[in-house]
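TrEMBL has this to say about the protein:
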| type | residues | note |
| --- | --- | --- |
| TRANSMEM | 27-48 | transmembrane segment |
| DOMAIN | 84-230 | domain 'Multidrug resistance protein MdtA-like barrel-sandwich hybrid' |
| DOMAIN | 254-327 | domain 'CusB-like beta-barrel' |
Amino acid sequence: MANADLLKELRIEKHLREEHSQGPGRWPWIVGAVLLVLALAAAAAWWVMGHRAIEVQTAQAQSPVANAAAGAVLQATGYVTARRQATVSAQITGTLTEVLIEEGDHVKQGQVVARLDDSQYKAALEAARTAAAASHALVAQFQAQLAQNERDAVRNEQLATKGLVAKQVAEQARTQVDSTRAQLLSQQRSAASADSQVVEAKVNFDYCVIRAPFDGVITTKDAQVGEIVSPFSAGGGFTRTGIGTVVDMDSLEVDVDVNEAYIGRVKPNMPAEAVLDAYPDWKIPAHVIAIVPAADRGKATVKVRVALEKKDSRIVPDMGVRVSFLEQKQDAQPAQVPQGALVPAAAIAQRDGHGVVFILRGDTVQQRGVPSTASKVGDQSLLPTGVDVGDTVVVSPPAELKDGDRVKAAAKAAQ
């Protein structure tokens, strides 16, 4: 009996045998799942690191200055000004019913920019036309009367010659002719005056439509529908004298104040280079138009007008400008514009023993080879090919940067 109990205790239950037999089969699956997760995590980390935007410093490729042999002899600051700008205003007093312009709009000469309430001027025009018509009707009446009086005078003179009527009757008929002729002349003058009133009323009526004086861009809008505009300034601030300002962008130039102690260095037609405060990396070819023959006694400066040789929509009135006046060497040959673009020398990197430059295209970079004909110009390099003026290039590219990498332009420090 004791042996039977002992054997029962040593017997392995069926469900324990099944668990023991199935246990070792699960572990490979668990280990595989863990390894798969780790592999996916590593791949994701590699992808993120590989596609992370690299922060880089950038600069803009510049146009070579035509007189490469020239050097800056003087620098001065000033502002962009427009030689041709006008305040668009009404020539009569009236209430605005339409304003058809906004800041930045391009307008053509004669284009309608606003309209005034024309009811009063339309009524005045109709009244003038009616008065003129009545005056011309009186002229016609006096003309008919004069013709009749002349016939009567001739007939009476013939009868008086034959003794059929008294001579006094013939004289009275002739006097009536002269009187009617004088009345006709007076009425003709009145009719001419009435015609002038019609012309004036028509001009005032036409003035209700306000037009652009020349081609340009609207830089300010100074009035709204419902406001009263007038060519004359009125007290109280309820009357506008202008509707907006139009600027001829083709007339933009730079006015700079040069210290009178150095004005002798500046000459008409002297080459120059302008740099806008808003675009410090953009050098604009320029030249001196004229030296204004007047000095500012308070500032001890003389104004110099400088022409910009490049038209661009980024140039707008009142922008701050720094102008470098350039002097060509006496032995220099006639200036020729070098072909290509100027980039900072630090923009050229070495890859596999060759010089390359990286150009921004959206948020990625393109690698371009530096031609063997590239030359050094001060702290810049002149690349005849591969880079266009205005392209944005990477300065001091990181060693790991390569073609097609995503980049992010670093913010420039405030000046």
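Glycine residues also receive a Cβ, built from the backbone N, Cα and C atoms like all the rest.
For the domain 'Multidrug resistance protein MdtA-like barrel-sandwich hybrid' (84-230), the DSSP-based tally of helix, strand and coil residues reads 83 helix, 28 strand, 36 coil. Across the domain 'Multidrug resistance protein MdtA-like barrel-sandwich hybrid' (84-230), the model assigns an average pLDDT of 92. Residue counts of the domain 'CusB-like beta-barrel' (254-327) by helix, strand and coil are 3 helix, 42 strand, 29 coil (DSSP-based).
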